[in-house]
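Remarks on the structure that follows.
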């Protein structure tokens, strides 16, 4: 592709929440508060699952991996977004934008497949309890985690170099971070191939995990309904409730954001959706798993009691 006919763009500026005018300071305070709570919550989960031997199980291993991934995920996006709310027209270099997008795609994909691994873990625990420790061995858990991260890296390698091989004419990104579509819109040339790659990657990353999780929960519900005691059914449902809550919010927002027709896109709606899956969902994980999960709450109490004694 020839670049000689285009002025070389070396940096971008985020439009972000500039349309909110005077409310940007309020947004800064709100987002900063959520960011601090998200980091604190996820770090607490990682720490608790590491130090409390009662939580040394596959379920909490996956939870700690998800919390770690969500921590880095927010570090990649939120600090830059907060800076843009305070310092207007703060530029980001082309290399910086590519780096942010690479980590975003990698970690977003990793999170999707980690949630799938957690769904599989719940399926094995409920449908094959006698073989649970054999199936969900340390090797299998490591394989699922590495597979999730590896898939994320492959998706990023497919996506990001193809995106930044394009020549850009515009410099104003109608977003608060280097997301795929807003950056693609700045290209001077036809982006049909890139759009096909993006839609293919998005469909794979969203629909494959949704399908696998759906199958897992169909089998889980089928097994739960066979449990004779009502108490046993309640306990089984309770173990899945936290995961299912996070899955619905996570994939619901991601599906609307990346699989909707281009004709239905608008800057305001896209910003709102992006806030949900980049800021709200990472906070949802520690809140849901700590408030709804008795084992995590007990582990927190033990840790607090140990430190105060």
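Each position is counted from 1, following the chain as shown.
Cβ atoms here come from the backbone N, Cα and C positions, even for glycine.
Confidence in the topological domain 'Extracellular' (1-27), given as mean pLDDT, stands at 75. Residues or ranges marked as topological domain 'Extracellular' by Swiss-Prot on the basis of a curator's inference: 1-27 (among others).
The transmembrane segment feature in Swiss-Prot is assigned to 28-48 (among others). Remote same-chain partners of the transmembrane segment (28-48), defined as residues 6 or more beyond its termini with a Cβ less than 8 Å from a stretch Cβ, comprise 55, 63-64, 67-68, 70-71, 74-75, 78-79, 81-82, 85-86, 279-280, 282-283, 285-287, 289-290, 296, 299-300, 303.
Summarising the annotation, Swiss-Prot assigns topological domain 'Cytoplasmic' to 49-57 (among others). Note: the topological domain 'Cytoplasmic' (49-57) comprises 6 helix, 0 strand, 3 coil (DSSP; helix = H, G, I, strand = E, B).
Annotated transmembrane segment per Swiss-Prot: 58-78 (among others), in sequence order, evidence recorded as sequence analysis.
Long-range contacts of the topological domain 'Extracellular' (79-84) within its own chain (CB-CB distance under 8 A, at least 6 residues past either end) are made by residues 14, 16-17, 28, 31-32, 35, 90, 92, 100, 176-177. Feature annotation from Swiss-Prot assigns topological domain 'Extracellular' to 79-84 (among others).
The transmembrane segment annotation in Swiss-Prot covers 85-105 (among others).
The feature disulfide bond is assigned by Swiss-Prot to 97-178. Sequence-distant contacts of residue 178 (disulfide bond), defined by Cβ-Cβ distance under 8 angstroms and a gap of at least six in the same chain, are 12, 92, 97, 98, 100, 101, 104. In the three-state DSSP scheme, residue 178 (disulfide bond) is classed as coil.
Residues annotated as topological domain 'Cytoplasmic' in Swiss-Prot: 106-131 (among others).
What Swiss-Prot records for 132-152 (among others) is transmembrane segment. Listed as Cβ neighbours of the transmembrane segment (132-152) (distance under 8 Å, sequence separation of 6 or more from its ends, same chain) are residues 58, 61-62, 65, 105-110, 112-114, 116-117, 120-121, 124-125, 205.
Here Swiss-Prot flags 153-203 (among others) as topological domain 'Extracellular'.
Positions annotated as transmembrane segment by Swiss-Prot, on the basis of sequence analysis: 204-224 (among others).
Here Swiss-Prot flags 225-235 (among others) as topological domain 'Cytoplasmic'.
Annotated transmembrane segment per Swiss-Prot: 236-256 (among others), in sequence order.
Positions annotated as topological domain 'Extracellular' by Swiss-Prot, on the basis of a curator's inference: 257-270 (among others).
If you look up Swiss-Prot, you'll see 271-291 (among others) marked as transmembrane segment, on the strength of sequence analysis. Long-range neighbours of the transmembrane segment (271-291) within the same chain, counting only residues 6 or more positions beyond its ends whose Cβ lies under 8 Å from a Cβ of the stretch, are 16-17, 31, 34-35, 37-38, 41-42, 44-45, 63, 66-67, 70-71, 73-74, 77-78, 108, 175-177, 179, 242, 245-246, 249-250, 253-254, 256-257, 297, 300.
The topological domain 'Cytoplasmic' feature in Swiss-Prot is assigned to 292-309 (among others); the stated evidence is a curator's inference.
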Worksheet entry | All-chain count of other Cβ atoms within 10 Å of residue 97 (disulfide bond) | 24
Response to the item:
Other same-chain positions with a Cβ less than 8 Å from the topological domain 'Cytoplasmic' (49-57) and lying at least 6 residues past its termini are 63-64, 67, 295-296, 298-299, 302-303
Item to complete: Determine which residues of the chain contact the transmembrane segment (236-256) at the Cβ level, with the cut-off under 8 Å and only residues 6 or more beyond its ends counted.
Response: 108, 111-112, 115, 118-119, 122, 125-126, 206, 209-210, 213, 217, 220, 223-224, 227, 273, 276-277, 280-281, 284-285, 288-289, 292-293
Worksheet item: Under DSSP, the topological domain 'Cytoplasmic' (106-131) has how many residues in helix, strand and coil?
Response: 25 helix, 0 strand, 1 coil
